[in-house]
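Have a look at the structure that comes next, please.
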C-alpha cells in the first residue's frame, strides 16, 4: 500500500527582522573571534522600529565597535532607506553587553587544557538522501527561494522587491521519498507602486521556475504569493526581531527534533552551536558512507563536563546495523568533546556570519567544515571488521 503525505518547511530572507538580529550577533562574534580566539561570546540582538539593542555577555581582551558592526550588517542586507522600514544610518544602536559570569567560565576553561561544555544541553544532527547535499528537500527548496528573492533584489532583476521576505514549500512524499512540490508560499516586501498581479507573475517566473529543480515542478502546484495582499511595511518596522527565533529555519525545517538551543552570537565553547555542527557532521558522514539512508544523531552535554553524557543514533530502519553498533562507531571515529569538536572542525575562525542566513546546514561552502564527508571511509572500514 502506498504511503503518501505532505511535509512542509519554511525559510526567511536575510532582511527578515529575526535574521537581521542573527546576522548582527554573528558579525559581533566574528569581529571578536578573529582578534581573540580565547574569547567567550554570547551576543543577543533586538531590532525594532528605528533601533537596535545589542546585549549578552563577553569575556575578551579586545574592544568591539558594536555600532559600526551593526550598521554595516544592516547596510549590507539592504536597509538603506527609511522607506524600507529601517535605515542603517539613522537607526539608534544601543550597547548593553556585560561581562561573562566567572562561575560559568571556571567550568569551561580547565587547568588540564580540556574545555568543559559551556552549558548543559542536547542537540540533534540529521542527514538523508533526498538531495545531493544530504538534506531534506522541503527546507532545501525553501532556502533556494529566499536566497533567490534577495539576489533578484540586489542585482535589480526585480527592483520593486524589498529586504523582508519568507518562503514555505510543501512537498508530496510517497513511501518516504519526495515526488513533487504541492504548494509554494512566498511573502515578500515590495515597493508601494507595484501591482500584486505583476509581483506574483514576476516572482513565479523569475524565481520559482528559474530556481527550483524541474523534476519536482508541474502544472498543478498551488501558489500563494503575498496571500494577504500588499506587503509594503516590513522589516523591523513591521515586526521586532530577536536573535535565535528561527531555529527550525536554521536547521532541518522540522524534519528531525531540535534541542531548543539557538546558534547565532555564540562562540564554539557553547555546545548549543558547536555540538549541533558536530551532530550534523556525524549524521552526514554516516549517510555518505552508505551504512544508512537517513540518520538522526543526538548528543547531550553537562556544563563543565568534557565528554558527552549521551550519544544516540537512529537510522529510521534504513540500516542493517543496530543503534549500539552505530554508537560504538561514532565514538571511535569522531571527537565529540568540546575541544575535539572545535579542533576537528576548525571552529575558532570568523566564519559565523556566513551561517546566519539561509541555513547552517546543507551548504557546501569551504568554511562549513561540518559539511565535509571526509569520515565516510573510516566508517566503512569500521563496519568491514
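Quick reminder: no glycine exception, Cβ is built from N, Cα and C everywhere.
Keep in mind that what you see is a predicted model, and the values were worked out from it rather than measured.
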The ATP site in Swiss-Prot lists 164, 165, 166, 230, 231, 239, 245, 246, 262, 266. Which one of 16, 385 belongs there according to the record?
16
With the ranges 67-77, 78-88, 89-99, 100-110 to choose from, which does Swiss-Prot describe as region 'Flexible loop'?
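In Swiss-Prot, the region 'Flexible loop' feature sits at 100-110.
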What does the structure give for the C-alpha distance between residue 57 (L-methionine binding site) and residue 246 (ATP binding site)? Integer Å is fine.
21
Where residue 266 (ATP binding site) and residue 44 (K(+) binding site) are concerned, what is their Cα separation in Å, rounded?
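Their Cα atoms are separated by 9 Å.
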Have a look at the binding-site residues 16, 18, 44 and say which one has the shortest Cα distance to residue 270 (L-methionine binding site).
44
Between the Cα atoms of residue 18 (Mg(2+) binding site) and residue 246 (ATP binding site), what distance do you get, rounded to the nearest Å?
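Residue 18 (Mg(2+) binding site) and residue 246 (ATP binding site) have their Cα atoms 7 Å apart.
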How big is the Cα-to-Cα gap, in Å, between residue 44 (K(+) binding site) and residue 246 (ATP binding site)?
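Here the two Cα atoms lie 13 Å apart.
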Cβ distance under 8 Å to residue 246 (ATP binding site), same chain, sequence separation 6 or more: which residues?
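When sequence neighbours closer than 6 are ignored, residue 246 (ATP binding site) has 12, 16, 18, 19, 22 within Cβ distance under 8 Å.
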Determine, from DSSP, whether residue 266 (ATP binding site) sits in helix, strand or coil.
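Note: residue 266 (ATP binding site) is in a strand by DSSP.
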